[in-house]
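Trainee: Quick one: this structure, given as structure tokens, is what I'll be asking you about.
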Amino acid sequence: MSVFVSIQPQGIGEPSVYHAVVVIFLEFFAWGLLTTPMLTVLHQTFPQHTFLMNGLIHGVKGLLSFLSAPLIGALSDVWGRKSFLLLTVFFTCAPIPLMKISPWWYFAVISMSGVFAVTFSVIFAYVADITQEHERSTAYGLVSATFAASLVTSPAIGAYLSEAYSDTLVVILATAIALLDICFILVAVPESLPEKMRPASWGAPISWEQADPFASLRKVGQDSTVLLICITVFLSYLPEAGQYSSFFLYLRQVIGFSSETVAAFIAVVGILSILAQTVVLGILMRSIGNKNTILLGLGFQILQLAWYGFGSQPWMMWAAGAVAAMSSITFPAISAIVSRNADPDQQGVVQGMITGIRGLCNGLGPALYGFVFYLFHVELTDTDGSEKGAKGNMANPTDESAIIPGPPFLFGACSVLLSLLVALFIPEHTGPGMRPGSYKKHSNGAQSHSHSPQGSGAEGKEPLLEDSSLLNLGAA
């Protein structure tokens, strides 16, 4: 008897993908409201080298996420998803009220919140618990599309309330939505991990191998497929993370977008991303397969970043934004191929590992972009968003910056090109029949979590993705 449930809820109290969707929507809607106030507070707190300081703040947060995500994912495989959903959402949203109380504490807490700000790894493991393999890519696309949907209206709402009333009102509203998200998890979100796969109590012993944050990272080198996927994620998400941290500043500073235009840009790209990650992703996965969907998404990302790098007119940014929406299919496709080839009791580990790599990119990407902007003398010296003021804020412009308005984006395009070349070697496996052992292992319930001393040495050499070992056997 399968332990999975459908994407659709089966009854009262049954876990469903829509529980995960609501959690993600509320969390990032709250942060989306703060887009305009955050730019203002960032500039007021760090009037000099704003891009660089923004990169360093997000850099510390990302590095901490890189270290903690595999650990939190592994622990959620043992103790369940709900408690860790509550933990990650709470610490992700904890800095919000501090924005108006103390900006310095706000940025300090943002940096340190990276230890627990890894909601996506737990969410994707939650989804894997309750979906069949053939449903998983669609479910991951729905979750990723929800992230985009949360940003469709929230920046525009935040910008309007900030201008019509005050930044304080926006911060209060965002804090209230974050509290609503926490209450929703406490009251409405059921546990997704089957009871027989969890210990009898929170006092159950946890081995050092389970608690070691580097354990899953060491397994990367032991599994060729995991290694290729992790390199692909790193090289593709590194520029994406840098772009997220500085792009709104870049639109206002270099391109001359107003706050209202930035909000409209986010809304349009968000709507297109929703369509890409729901309708288009499902069609592509069925027609060209998982791996080719990843390659297509990476191709769109290269085009998008190159266009951002060479574009100097507003219409170019809008066109590149449409391409960026299509590139958003990459991560749910990667998450689907990882989840499909991992054991049911390893979903938290592998999703935590991928989220950990993304966390590392969230650390290095913003710092890299901030440093490159600094090298090319791009500084935020005006935040009124006026067309006249924003265009003239290039400090000591060089010939290079005149020819290439966005140098970091071109570095990003080269990185994604390398990612595309690595992704070509990722094996694609379809159908549950290729992993009969994993279902047998899962059917044993609690035995999958037992760690006998005799078997611990051999277990450490097992690949995280079962298909990798089958591939090696087939080659032999």
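Glycine residues also receive a Cβ, built from the backbone N, Cα and C atoms like all the rest.
From TrEMBL, here are the annotated features:
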COMPBIAS  444-455  compositional bias 'Polar residues'
DOMAIN    16-431  domain 'Major facilitator superfamily (MFS) profile'
REGION    435-476  region 'Disordered'
TRANSMEM  17-39  transmembrane segment
TRANSMEM  51-72  transmembrane segment
TRANSMEM  105-127  transmembrane segment
TRANSMEM  139-162  transmembrane segment
TRANSMEM  168-189  transmembrane segment
TRANSMEM  226-250  transmembrane segment
TRANSMEM  262-285  transmembrane segment
TRANSMEM  292-310  transmembrane segment
TRANSMEM  316-338  transmembrane segment
TRANSMEM  359-376  transmembrane segment
TRANSMEM  409-426  transmembrane segment
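Surface or core, plus neighbours and distances: that's what I need for these features.
Mentor: Sequence-distant contacts of the transmembrane segment (105-127), counting only residues of its own chain at least 6 positions beyond either end whose CB sits under 8 Å from a CB of the stretch, comprise 15, 17, 19-20, 23-24, 27, 41, 45, 57-58, 60-65, 67-69, 72-73, 76-77, 81, 84-85, 87-92, 94-95, 98-99, 136, 139-140, 143, 192, 335, 339, 347-348, 351-352, 354-356, 358-359, 362-363.
Sequence-distant contacts of the transmembrane segment (139-162) (same chain, six or more residues past either end, CB-CB distance under 8 Å): 7, 17, 20-21, 24-37, 40, 123-124, 127, 131, 169-170, 173-174, 259-260, 262-264, 266-267, 269-271, 273-274, 276-278, 281-282, 325, 328-329, 331-332, 335-336, 339.
Below 8 angstroms of C-beta separation, residues 32, 35-36, 137-138, 141-142, 144-145, 148-153, 155-156, 158-159, 248, 251-252, 292-293, 296, 317-318, 321-322, 324-326, 328-329, 332-333, 336, 385 of the same chain, each at least six residues beyond the ends of the transmembrane segment (262-285), sit close to that stretch.
Residues of the same chain lying 6 or more positions beyond the ends of the transmembrane segment (409-426) and with a Cβ under 8 Å from any Cβ of it are 225, 228-229, 231-232, 234-236, 238-240, 242-243, 291, 294-295, 298-299, 301-302, 305-306, 308-310, 337, 368, 372.
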Trainee: Counting Cβ pairs closer than 8 Å, which of 168-189, 292-310, 359-376 has the most of them with the transmembrane segment (226-250)?
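Mentor: Counting Cβ pairs under 8 Å, the winner is 359-376.
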Trainee: When each of 51-72, 168-189, 292-310, 316-338 is checked against the transmembrane segment (359-376) for Cβ pairs under 8 Å, which one has the most?
Mentor: 51-72
Trainee: Where does the mean pLDDT land for the domain 'Major facilitator superfamily (MFS) profile' (16-431)?
Mentor: 78
